[in-house]
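Feature annotations, reproduced from TrEMBL:
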- 101-213: domain 'Phosphatidic acid phosphatase type 2/haloperoxidase' (DOMAIN)
- 12-42: transmembrane segment (TRANSMEM)
- 72-94: transmembrane segment (TRANSMEM)
- 101-119: transmembrane segment (TRANSMEM)
- 139-160: transmembrane segment (TRANSMEM)
- 172-192: transmembrane segment (TRANSMEM)
- 198-216: transmembrane segment (TRANSMEM)
Amino acid sequence: MKQRISKTFLRLLALFSLEVLALCAAFFVCLLLFLLMAYLVFSARDNTLDAALFALADRLASPGMTLAMKRVSFFASAGFLLVAPPLVVLVLSFFPSWRWLALKLLLVTFSTSVLNQLMKRYFERPRPAFAMLHQSGLSFPSGHAMIGAAFYGLLIYMVWQKAPVMAWRWTLTLLLTLLVLLIGFSRIYLKVHYATDVLAGYATGTGWLLVSVTVMRRLEKAYFSRYT
């Protein structure tokens, strides 16, 4: 009896490794951020954050800035994401050790897009009426921010899995993180999304990425332990 209890305790303890605790903490932060944004928008009706970020965007506005923001926004657009993930998957499929990562990239991007559309239809928040670009669809959470966080976040994960040099890892991580932040700000600058939409998108995209990677890693381990 004591041995069974000891074995059960050790199994439970093994589940709470440092990595698992870090993942749980990160997911909890994402969940809190999303709930806070949803509360501000739909319960408190507080637009202070949205107004402050729109005011900042107005102070930075210029023809050159507008052109730059349009170009940055493209890197999480539907047109880009219809081409980029399949192209990356095609290239990675030629390298046997990268094929699982390629599959993860395709699945995460597609599932995040579907989840974003479901959430938009559930919350039904209209886009800002004074947008600089014509954009169809609903506003909460931002698809660009959500899919960008998941897609580029997974690229960061892939970099840390495969890049042999630590300097490359940090450099690419910083560049990709900066791109995700700029994509989110571009949506606010162009007034096609509120700041709360963007932050909710970051939270949901990152949280979904954490769940997806964790589940796929377990499936990958189960597959290799069974068939190799």
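Glycine residues also receive a Cβ, built from the backbone N, Cα and C atoms like all the rest.
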Mark yes when the transmembrane segment (172-192) and the transmembrane segment (72-94) have three or more Cβ pairs under 8 Å (sequence separation 6 or more) and no when they do not.
yes
By Cβ distance under 8 Å, which residues at least 6 away from the ends of the transmembrane segment (198-216) in the same chain are close to it?
23, 26-27, 30-31, 33-34, 37-38, 41, 100, 103-104, 107-108, 111-112, 115-116, 119, 140-150, 153-154, 157, 180, 184-185, 187-188
Could you give me the DSSP helix, strand and coil counts for the domain 'Phosphatidic acid phosphatase type 2/haloperoxidase' (101-213)?
86 helix, 0 strand, 27 coil
Rounded mean pLDDT within the domain 'Phosphatidic acid phosphatase type 2/haloperoxidase' (101-213) lands at 92
